[in-house]
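Q: So TrEMBL says this about it:
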TRANSMEM  B:6-23  transmembrane segment
TRANSMEM  B:35-54  transmembrane segment
TRANSMEM  B:60-78  transmembrane segment
TRANSMEM  B:85-107  transmembrane segment
TRANSMEM  B:113-129  transmembrane segment
TRANSMEM  B:150-168  transmembrane segment
TRANSMEM  B:198-221  transmembrane segment
TRANSMEM  B:233-260  transmembrane segment
TRANSMEM  B:272-292  transmembrane segment
């Protein structure tokens, strides 16, 4: 029982990371219907920016987190302007391949500049842990930080999307691009803004994962990127609470599976759940079924 | 009729001259390796083109069928000592069965969802292979006898291209193209959607299995990670690069990409960077691929273009 609780606590931390990445996927998909495969790489870049700031400039946790989020949002906007804007009206498959090419470009350019070796992320947070139930369950300070920051960012996002004018415009563009444009919404600006927010969240996830696991490498974005996408689909792609639900569920399922002897199969379980969800409820757990019209 | 004779004669000349050049050593083993890889890539690209380009079902798990074929062939030749021709056909059949089993549930999905489901399936196959000790697990499958030669590669490539070409010109092939054009209209015309989607998927998987078998019995050694997500992406890229819905395109795409990566081998550290830039430029400036025509549909339905329906179908999604 204690082991299960301990694993669930770890799962919540892992799930926070997935949820942060999944939010970016889901927002971008919601607004331009593109599976942004490069999103995992933005997360990797976030980790590297955080690494550079803490190691070479000696900045603390909070400033490096914020600067890395800003850096990633700029990167996200640049990627959107340079790579995705020209293909906005082409077919799904060429959009997808463009996304894959951006992803490969970021991976291997980083590999060229920072070398493929794994680097150790500095300990910016002091090791401190709380033990519960006579030390049977240990909550590390890192876990608390990760979950707290994730929840904070999500509340902030929810506020921006639901309460501000910008959020209203985002929802309008997601619903119907042309109609939004006719109503005076600057669609290009909104798409840019969506990429900025999504990328900032991925950048935050990158810094947090660096702190949590202490190692980063140029290919670290590939698998979590795919899994976060699974999380986004799990909760219903295009739906913001869905991505959060999917991220946390996936993180917890994964840690529990690996705790009970299935560690080698944990990735397979994630994808099996994905297929199952797609077959039973293709619009995700929180998705609404849309009637097909000719 | 005259055209067929010309095709047969030119194929014979191509085969014999290839065999002659290999026998005399003018084509050295390095060049030979690349030619064989081109052949295998053509089989993969043409078979995926049937699924994605002609039937319109977006699959990101084609490498999984290749891996099923490769492992089947490896087990049959290395562990059971069966002759290669048996293993070759068996790996195609096993892959096709896998294609049917995967296809029946997943092909109900559409577009991006189908792509993700097939991606997930491909990853599951890879992880299962990684954790099965009988086939070597993560270490890989060693000591596979090298049976693949010019004759096998050439014949299988030609057979793949011809079978898929004739299939597409048949009644069933036209049903598949109709599904790509408009599922609802095709269904209204009496095309059994699930049947033809699964059918196309199974044929594609069959040839991907054959490609896997050729691959396994050429390289002595296979490992699950060679057939991961990136390999599936490579095959999709070949198809799109050459031109969706064009068999010639897939052949040209496979050759062009192999030649490009051959040249890029001299600069290993920048290889993938340049590859990704080329890919991006092709997608932006020539999204229909090298050979693909802008109005491919016009060939089948004169006067009507897909664009004419876009305002209608955009609402349907």
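Don't overthink the numbers, they just go from 1 along the chain as shown.
Including glycine, each Cβ sits where the backbone N, Cα and C put it.
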Q: Would you kindly check B:60-78, B:85-107, B:272-292 and say which stretch has the most C-beta pairs under 8 angstroms to the transmembrane segment (B:233-260)?
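A: It is B:272-292 that shares the most Cβ pairs under 8 Å with the transmembrane segment (B:233-260).
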Q: Restricting to CB pairs under 8 Å, which listed stretch, B:60-78, B:113-129, B:150-168, B:198-221, is in contact most with the transmembrane segment (B:85-107)?
A: B:198-221
Q: Can at least 3 Cβ pairs under 8 A be found between the transmembrane segment (B:113-129) and the transmembrane segment (B:60-78), with each pair 6 or more apart in sequence?
A: yes
Q: Please report, as numbers and ranges, the same-chain residues at least 6 past the borders of the transmembrane segment (B:150-168) whose CB is under 8 Å from any CB of it.
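A: Same-chain contacts beyond the flanks: 11, 14-15, 18-19, 22, 32, 35-36, 39-40, 42-43, 46-47, 49-50, 54, 84, 88, 174, 176-177, 203, 207, 210-211, 214, 247, 251.
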